[in-house]
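Working notes, beginning with the structure itself.
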Amino acid sequence: MGENPAKSHYAQLNLGEENEMEIFGYKTQCCRKALCIAGYILSCGALLLLFYWKPEWDVWANCVPCSLEEADVVLLRTTDEFRIYSRKNVTWISVSGIIKSRLDYPSFAEEDSIFSKALMKPSLQVKSIQVQKIRYVWNIYAKQFQKVGALEDHHTCSAIHTKFGSGLTCSEQSLRRVICGPNTIDVPVIPIWKLLIKEVLNPFYVFQLFSVCLWFAEDYMEYAAAIIIMSPLSISLTVYDLRQQSVKLQRLVESHNSIMVTGRNKEGFQELESHHLVPGDMVVLKEGKALLPCDAILISGQCIVNESMLTGESIPVTKTQLPQADNLKPWKMHCAEDYKKHVLFCGTEVIQTKGDDRGVVKAVVLQTGFNTAKGDLVRSILYPKPMNFRLYRDALRFLMCLIAFAAIGMIYTVCVFALNGEEAGEVVKKALDVITIAVPPALPAALTTGIIYTQRRLKKKGIFCISPQRINMCGQLNLICFDKTGTLTEDGLDLWGLLPSEGNCFQDVRRFPADHSLPWGPAFRAMVVCHSLIVLEGKIQGDPLDVKMFEATNWVIDDSSGHQIEGQRSTHATVIRPGPKANTASVDGITILHQFPFSSALQRMSVIAQETGGEKQAFTKGAPEMVATLCRAETVPSNFESKLLFYTAQGFRVIGLAYKSLQSGKQSTDLTREEVESDLTFLGLLIMENRLKRETKPVLEELSAAHIRSVMVTGDNIQTAVTVAKNAGMISPTNRVILVEANKIPGSFSASVTWKPLKENKTEDDGNLDSGSQTGRRIRLAAEPGQFHFAMSGKSYQVVAQYFSHLLPKLLLNATVFARMSPSQKSSLVEEFQKLDYFVGMCGDGANDCGALKVAHAGISLSEQEASVASPFTSRTPSIACVPELIREGRAALVTSFCMFKYMALYSTIQYLGVLLLYWQLNSFGNYQFLFQDLAITTVIGMTMSFTEAYPKLVPYRPPSQLVSPPLLLSVILNILFSLGMQILGFLMVQKQPWYSKTDIHSACLSVNNHVENSSSASSLGLHGVGGGDPTEVDNGYKSYENTTVWLLSTINCLIIALVFSKGKPFRQPIYTNYVFIMVLVGQLGVCLFLVFADIDDLYSKMDLVCTPTTWRISMVMMLAVTLAVSFLVEEAIIENRALWLWLKKTFQYHSKSHYKRLQRVLEQDSAWPPLNETFSLDAVTVSVEEDMEGHSNPTFDSNEDAL
């Protein structure tokens, strides 16, 4: 049913956000509701169950479309490819108990606030809905639902200081408390009965209930009883697991809801519990450690916080107060990407506070409850984003095909039994029975079996996963983005030297640690104070770069409070003093008065410091090219660029230093960043060694050999990044590096892009960080169609993405190095790679890479935390060796899923074909025969087939990602035909045997006791004869020569396909390494052969088998042996023959439809690509890329179709 697109009926919720939804208004109609209730009763609840599964049908049946303003029910639909519906009832919040009269409106809410705009007058009610724990209220004026529980974004910096700096009034607090709800992240432990009902109503168990009822009606007591025993056990285990998760999550958040805070309103300070806080409240942060109960904007003072809960990194982060800017920009726009530097996030720990001039640290509550950072984390756990992996979609489609297959069998069954004069009730039972045989309800669940065991193996290797459904995706990864510092290179940098500048000329380089005699001066003072280090439990903590720089000075941090600073009141400040090993200095200490923390967007940090009895000075440290632009031109050496290139080309990490003296009279906290970071004096370059981790080269070599492309995404200098890429083996020494520079033309809406070869700088031996001769054999980049690599900065990437978007895919195809990238640019880059149909992995340290780690198909955070919200995967070992490990396990899990899927599909089909054959003679399998096949064979195989571990070597192609690929479909179809052929052959041949008799089932074996009959099994089927209608016939129940033959052949055939489908190399270990599985198969085969050759009357009677001559038993074994040989030969010689499929693709000129592959073929024909030493302006560029490159297909051998 389509939706009315009328504006009043339809709107968008959370536009542009990750959880964007469409919302439709509906009004309940009494007559429709009455008809639905009647339908529930008449259908015995089946209609109600259907509406439970499909909430949109429930709304469409019970309600009529209306405007959102009139709606009492809303229907929500996600805007992703899944289009998932959910139903929510509209509720009303009454505030009449707070607002007594119309005259009180102004004192409760400002006119421009959502609280005023949502209040319906004169009823004094607010219309609201709650979606995924977030409350939305109806904005009467904007005619839309808006989120509450957060401070409005339109406030300016100055407005936040003036409006909320002294707190809200009691009446404002009361109104906001009622509308926003309590500041709690309330995750109640779900009662067991609720979990039980939810699990029982799962379609899988509903189908099982239907099957059990049908089996009881047909007297299939044993199998039905087995299912009744197994299902509650399975449900109980699932409910227990869900309950444990619920308890664990509740423990994670319970401390959040019981924190005491000091708040302030217009009447003064007050102690209150954190759940009373509302957006706009002002809280005072006291000294000492504390957990934050909400997101808050720091408006005075400074805080050191531990954000490991958010990023996985335990490095302390400095938060500074929001500037009091006098412009009309909203505060987030004014602060741009740096707004987080002023925000204290819920769930993080305040380690240390530093008061302002009045000794107070104040913050304004920004967001409460589930709107906070911690609330967002909890919601992501409660409502995980579904993954669009075609394997699961194909599984459901295949299930639909099996249902259609079963429908054919039902028609056949009805015809056979009806033509033989069976009762209508019996015909219906038999027809329905076909569905329970042909359609295994566990088929989609079979795809997850490999994931469960893989997750356990990963945990043993120190790789933790909070999103198991992404494990299969790891098997498809063909491009990995790596952060540089701390990921490819060592986290702890070594200080190599200082290149001081004086009088706009560089002086001699001062090496570390050989040269300890650093002279006292501005450059030395910059190294002493320009950092964000703190002393925590007696140890200096902070950024590793800052730690190395500071330790080289031999000064110490005296981090105590109450230092008297000339011209100011007593304040909490950090004082740096000379240590015992420090050189003689002319001052007793330097006090850090204020700090502007490092910003990835600005590429620098600054501090304001004051020597004891001296003047205030500002010191800046950051990217050299950025720092140089902030300095007076006459202080920057003329050979600045060549010197910078000299060191960065060797792989050094280079930091620029600058300073200036500040005029007295203005308080440090009143100075803006722009005032401080201007007209600086350039001090020199700090040179740090950026050594590769020992695992980097072997891992990148392994990925390259597997044709998995590696890309570097870093915040460092482009020359340093290119050098590290060369040393690591990402770029071969014989390949060209082309620098892409894009610039926006000032004062216009146009831009230009230039391609030029990157300058090579031959360096002296003593400066080489990592000589090329030491790298051994170089690695050829896996995915490069040409012998060149693009390198670009974050600024150029942004300009290309904005002005030359049609060129971006062509650049990304060969881009290997991205330098000076901000966190948002990293996320954008990953998304752009995904648009080219790459399966993208991202490996970083979890701090500045958070966004990219979440966006990537597989984000891997290198962190000491067991699990980080920064990414789906966390490696406790800080090494990229986890990347190939994860890919190996992902490939193994993916192949296991395919093996299980094929086995489940074939097992049900074999049983289905056997039953239909016997239906021709109005016969079927016996209860214990079904029981043996389903439990003793299939269940045990399903549990042990997934034990096979990953193959240790990564091969240069990926496993298939879709079930509808030609090799897999051919494998399934051929094996179905082999099984069908063998069963029909056995069925017909047994009837041609001289000892065969329809009526005398003991004629073949004279040694059997005279005509022992199983009266109990005979009565259980309730059939009358075998088509001939001979009145002298004896009813033998299920027992017949056809039954014995078909059942034995089909049972052992299940073992054959289990062995044939259990893939080993190249993605999993050989099958013989799975000892448990091999023992199971051998044991099951032994039991089956025993049933074939045994002559035990009681056993045969129980299993509804009849005795046959030994020659016929040997004939059955020979048929099975031929089937095994043919199946194995076809699987190995055709299905798994990679060379054959590549030849077929080449013969029929099949090409991958993946966007990047199509683009490669286009560029291979373009002799003018890449352009060198050319500049394109915006209006001069023509589009040469195919316009219709949409869609995604990743057939079986898509990853490297031309290489092999």
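Cβ coordinates come from backbone N, Cα and C, glycine included.
A quick note: this is a predicted structure, and the numbers were derived from the prediction, not measured.
Per-residue confidence over the topological domain 'Cytoplasmic' (1-32) averages out at a pLDDT of 78. The topological domain 'Cytoplasmic' feature in Swiss-Prot is assigned to 1-32 (among others); the stated evidence is sequence analysis.
A Cβ distance under 8 Å defines the sequence-distant neighbours of the transmembrane segment (33-53), meaning residues of its chain 6+ beyond its ends; these are 61-62, 201, 203, 206. What Swiss-Prot lists as transmembrane segment is 33-53 (among others), and the listing cites sequence analysis.
According to Swiss-Prot, the feature topological domain 'Extracellular' maps to 54-219 (among others).
Residues or ranges marked as transmembrane segment by Swiss-Prot: 220-242 (among others).
The topological domain 'Cytoplasmic' annotation in Swiss-Prot covers 243-397 (among others), and the record cites sequence analysis as its basis.
For the transmembrane segment (398-418), same-chain residues at least 6 beyond its ends with a Cβ under 8 Å from one of its own Cβ atoms are 426-427, 430-435, 437-440, 443-444, 901, 905, 908-909, 912, 916, 919-920, 922, 963-964. Positions annotated as transmembrane segment by Swiss-Prot: 398-418 (among others).
As annotated by Swiss-Prot, topological domain 'Extracellular' applies to 419-433 (among others).
Annotation source Swiss-Prot lists transmembrane segment at 434-454 (among others), citing sequence analysis.
Feature annotation from Swiss-Prot assigns topological domain 'Cytoplasmic' to 455-897 (among others); the stated evidence is sequence analysis.
Reduced to three states, the DSSP call for D483 (active site, 4-aspartylphosphate intermediate) is coil. Summarising the environment of D483 (active site, 4-aspartylphosphate intermediate), the number of other Cβ atoms within 10 Å of its Cβ, over all protein chains shown, is 27. The active site, 4-aspartylphosphate intermediate annotation in Swiss-Prot covers D483 and is backed by similarity to another entry.
Residues or ranges marked as Mg(2+) binding site by Swiss-Prot: D845, D849. D845 (Mg(2+) binding site) carries neither a helix nor a strand DSSP state and counts as coil.
What Swiss-Prot records for 898-918 (among others) is transmembrane segment.
What Swiss-Prot records for 919-929 (among others) is topological domain 'Extracellular'.
Look at Swiss-Prot and you will find 930-950 (among others) tagged as transmembrane segment. Listed as Cβ neighbours of the transmembrane segment (930-950) (distance under 8 Å, sequence separation of 6 or more from its ends, same chain) are residues 220, 222-223, 226, 442, 446, 449-450, 452-454, 457, 888-889, 891-892, 896, 899-900, 903-904, 907, 911, 1050-1051, 1054-1055, 1058, 1062, 1064, 1067-1069, 1071, 1073-1074, 1076-1077, 1080-1081, 1084, 1087, 1103.
The annotation topological domain 'Cytoplasmic' is assigned in Swiss-Prot to 951-967 (among others).
The annotation transmembrane segment is assigned in Swiss-Prot to 968-988 (among others).
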(message) As a test: from 220-242, 968-988, 1044-1064, 1076-1096, 1114-1134, pick the stretch that has the greatest number of Cβ pairs under 8 Å with the transmembrane segment (898-918).
(response) 1044-1064
(message) Six or more residues beyond either end and a Cβ under 8 Å away: which residues meet both conditions relative to the transmembrane segment (1076-1096)?
(response) 936-937, 940-941, 944-945, 947-948, 1005, 1007-1008, 1048, 1051-1052, 1055, 1058-1059, 1062, 1103, 1105, 1107, 1110, 1113, 1116-1117
(message) Cβ atoms within 10 Å, counted per site: which of D845, D849 has the most, among these binding-site residues?
(response) D849
(request) May I ask for the residues of the chain that lie six or more residues beyond the transmembrane segment (1044-1064) and have a Cβ under 8 Å from a Cβ within it? (result) 895, 898-899, 902-903, 906-907, 910-911, 913-914, 917-918, 925, 929, 932-933, 937-938, 941, 945, 948, 951, 971, 975, 979, 982-983, 986-987, 990, 1070-1071, 1073-1074, 1077, 1081, 1084-1085, 1088, 1091-1092, 1105-1106, 1108, 1112, 1116, 1119-1120, 1123-1124, 1127-1128, 1131, 1136
(message) Treating G and I as helix alongside H, and B as strand alongside E, what does DSSP give for the topological domain 'Cytoplasmic' (1065-1075) in helix, strand and coil?
(response) 4 helix, 1 strand, 6 coil
(message) For the C-alpha pair, I'd like the distance in angstrom between D483 (active site, 4-aspartylphosphate intermediate) and D845 (Mg(2+) binding site), rounded off.
(response) 8
(message) I need to check the long-range neighbours of the topological domain 'Cytoplasmic' (1065-1075): which residues 6 or more away from its ends have a CB within less than 8 Å of a CB in the stretch?
(response) 475, 891-892, 894-896, 944-945, 947-951, 953, 955, 959, 1059
(request) List the helix, strand and coil residue totals of the topological domain 'Extracellular' (1097-1113) as derived from DSSP. (result) 10 helix, 0 strand, 7 coil
